[in-house]
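Shown below is the structure under consideration.
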């Protein structure tokens, strides 16, 4: 019985990954957000926005940027990477960007 209990504890610790796995909000417009573990090696979260021809974030009726997608990346190439109409920005925190006001 003790062996079974010890085995269950070890398996639980391994499966939970002790909290070191990055979680990113995954979303393709319009909603809902789904938090998902990033694959191994992809340890940064990103958000993708629509941008106008001047490279500024395109706002919806002047209220908030239109977020197209969220996910995990291996490395960030810096703020403003992506094409002229699709801006990628990396988030500084785990599960970032769960609302239009958070980073």
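Just so you know, glycine gets a Cβ as well, placed from its N, Cα and C.
Pulled these features from Swiss-Prot for this protein:
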- 24-45: disulfide bond (DISULFID)
- 27-37: disulfide bond (DISULFID)
- 38-72: disulfide bond (DISULFID)
- 76-90: disulfide bond (DISULFID)
- 91-96: disulfide bond (DISULFID)
- 1-21: signal peptide (SIGNAL)
Among the disulfide-bonded residues 45, 76, 90, 91, report those whose Cα falls within 10 Å of that of residue 38 (disulfide bond); none is a fine answer.
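Among 45, 76, 90, 91, the ones whose Cα sits within 10 Å of that of residue 38 (disulfide bond) are 45.
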By the count of other Cβ atoms within 10 Å, pick out the sparsest of the disulfide-bonded residues 76, 91.
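Sparsest of the disulfide-bonded residues 76, 91 by Cβ contacts within 10 Å: 76.
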Let me spell it out: for each of the disulfide-bonded residues (37, 38, 45, 72), count the other Cβ atoms within 10 Å of that residue's Cβ, using every protein chain shown. Which one has the most?
45
Per DSSP, residue 91 (disulfide bond) is which: helix, strand or coil?
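The residue in question, residue 91 (disulfide bond), is coil (DSSP, three-state).
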Taking Cα atoms as reference points, which of the disulfide-bonded residues 45, 72, 76 is nearest to residue 91 (disulfide bond)?
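The answer is 45.
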Out of 37, 45, 72, the disulfide-bonded residues in the record, which is closest to residue 90 (disulfide bond) when you go by Cα distance?
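Its closest listed neighbour, by Cα, is 45.
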